């Protein structure tokens, strides 16, 4: 089956014969009904449960591991729920088979005309191995085989779902707080989804952040590392902040970067971009990039947007 940008809207429901009055029990849903359904699936350990909880917190009705036999019940009767529905399905679901899941979704769309979307949560294999190793949880398909083999088997089983997904979300570089923010921004029910903005400091010696949309190199600023009394501090400490801010190149840098963001951010919002990651890099990701990221995030928040800060190479909780 080919890839579909808008999942499985194969055909409209067949019209009722004109000479037969519709059964009241099969009447169309009330205008207040919400006909959206999101089916969340993907790799075990990738964050599917976090996504379900985030959707539930913003107003979706969430059902996890619904047996596929009960999934079929959604095609029956009248739909008058005021909240959209999110269904969690994975390889532990009773009767799971990718072809069965896709067929059930097709029948649901054909019988009801619901706006059904498949959200696939993915993650790199090496990250999954690390997550399972660190938490000491057992992978559902690695009960009698090595962890890596269980992950490989699951990836093969869910491959058809990933191919047909409306949206694939890779969580390899998304900590839980950032994943929740992405979901809240993209699937908000209260208003047009807002642009979720993340400002991340990093050290070039540890590599570029894979998730970065915009990268700014601040290694030209004076380096606090060479000041013995500042070396063990970070850009979160007032003394380091004052040192970086005193560099005569710092103010022009902030002026030009904020001017660029003032141009770009509204245009990203207009085109419907879901999230934007701005990465600020210095040599070690400890001093200059940290303070610069804090300043840019503060400016973004002052403009009325919500910017989340993460210091990749500091042992710091994202916020």
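The backbone N, Cα and C atoms fix where each Cβ goes, and this holds for glycine too.
Quantities reported herein were computed from a predicted structural model and do not represent experimental measurements.
According to Swiss-Prot, the protein has these features:
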| type | residues | note |
| --- | --- | --- |
| REGION | 1-34 | region 'Disordered' |
| BINDING | 42, 43, 44, 45, 46, 47, 48, 49 | ATP binding site |
| BINDING | 90, 91, 92, 93 | GTP binding site |
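Annotated features, which come from Swiss-Prot, shown on the structure.
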residue	record	DSSP (3 states)
43	ATP binding site	coil
49	ATP binding site	helix
90	GTP binding site	coil
* Asked: Which residues, in sequence order, are found in the same chain with Cβ within 8 Å of the centroid defined by the Cβ atoms of 90, 91, 92, 93 at the GTP site, excluding those residues themselves?
  -> 44, 65, 89, 96, 140
* Any further residue of that chain within 8 Å (Cβ to the Cβ centroid of 42, 43, 44, 45, 46, 47, 48, 49) of the recorded ATP site -> 90, 121, 123, 171
* **Residue among binding-site residues 48, 92 with least C-beta crowding, 10 angstrom cut-off** => 92
* Going by C-alpha distance, which of the binding-site residues 90, 91, 92, 93 is nearest to residue 49 (ATP binding site)? -> 90
* **Among 42, 45, 47, which are binding-site residues, the residue with the most C-beta atoms within 10 angstroms of its C-beta** => 42
* Other CB atoms within 10 A, centred on residue 90 (GTP binding site) -> 23
* Counting only residues 6+ apart in the same chain, whose Cβ is under 8 Å from the Cβ of residue 91 (GTP binding site)? -> 44, 140, 141, 154, 157, 158
